[in-house]
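*Asks:* I have a structure here, written as structure tokens, and I will follow up with some questions on it.
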Amino acid sequence: MTTMSRRYTPNIIITGTPGCGKSSHSSSLVSQLNQTLGKETTIHFKHFNISEIAKERDCIESYDAKLDTSIVDEDKLLDSLEPDLEKGGVVVDWHCCDIFPERLIDLVVVLRTDNSNLFDRLKTRNYNDLKLQENLDCEIMEVILQEAKDSYIPDIVIELRSDTAEEMDENVDRISSWVETWIEDHPDGVSNELNKQYNPDDSSDEGDDNSDSDEYELEEDEQEEEEEREEYDEETNEEMEHTEDIAQ
């Protein structure tokens, strides 16, 4: 069976409207995980603030003057991030989550904030009126939550409140516990690949002399695909069980 790339620590997206506490959650989570898990192992989690990463890796496409914000080249960004995600242990901190492949994401945390709190937080950032109102509307309409549910298996998407420092501490503790359980339950890691289906149109006819060999190879491919499907289903079921625990 062909060896497939695997990751041994989960990738987590912490997303939500600007001002909901993504960076604070992500920084605290990574610090806690590295303190608790890194003492006796080589495990090391990384906080990827995508707004900063996009600038560092030259993934800014343009600038929107009305909203006073940079426009990211998402294709270039994803190409840059994919090798990091395949290694695992990445906590992605960004207001957008739908560009990341489902096969590389294990948990999506959508932070929600009361609009009065959000207004105050964005005001302290000196957001202009248009940008402030757009973000408030985004929170009211649950745009990012719906985006997450549309982009990933619903069972790995959780919604957490982020109005107080106490709630942030509770959220970080819950996510940390989920990570520890995930690592314990995946000693052999998880695959970074999706199941590949055999497509007869991709094969070429090289003559009757190779027909027996081709048939044997196809049987082997089918067996490998079935094993990969079973493995993927098992990993998906485990993810669903773990996410139910953290959402409770």
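Keep in mind that glycine also has a Cβ here, set from the backbone N, Cα and C atoms.
Pasting the relevant annotations from Swiss-Prot:
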BINDING   Gly19, Gly21, Lys22, Ser23, Ser24, Arg125  ATP binding site
REGION    49-72  region 'NMPbind'
REGION    124-134  region 'LID'
REGION    188-248  region 'Disordered'
COMPBIAS  202-238  compositional bias 'Acidic residues'
COMPBIAS  239-248  compositional bias 'Basic and acidic residues'
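On this model, are these features tucked inside or out on the surface, and what's nearby?
*Replies:* DSSP classifies Gly21 (ATP binding site) as coil under the three-state reduction.
With a cut-off of 8 Å between Cβ atoms, the residues of this chain six or more beyond the region 'NMPbind' (49-72) that come close are 23, 26, 80-81, 92-94, 96, 127-128, 130-131, 134.
Counting residues per DSSP class in helix, strand and coil order gives 7 helix, 0 strand, 4 coil for the region 'LID' (124-134).
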*Asks:* For Gly21 (ATP binding site), which residues of its chain lie six or more apart in sequence with Cβ-Cβ distance below 8 Å?
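*Replies:* Same-chain residues close to Gly21 (ATP binding site) (Cβ under 8 Å, separated by 6 or more) are Leu111, Thr113, Ser162, Met168.
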*Asks:* Would you mind ranking the binding-site residues Lys22, Arg125 by how many other Cβ atoms sit within 10 Å of each Cβ and giving me the lowest?
*Replies:* Arg125
*Asks:* Hey, for the ATP site built from Gly19, Gly21, Lys22, Ser23, Ser24, Arg125, who else sits with CB inside 8 A of the CB center?
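*Replies:* For the ATP site the neighbour list reads Pro18, Cys20, His25, Arg121.
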*Asks:* If you average pLDDT over the region 'LID' (124-134), what do you get?
*Replies:* 94
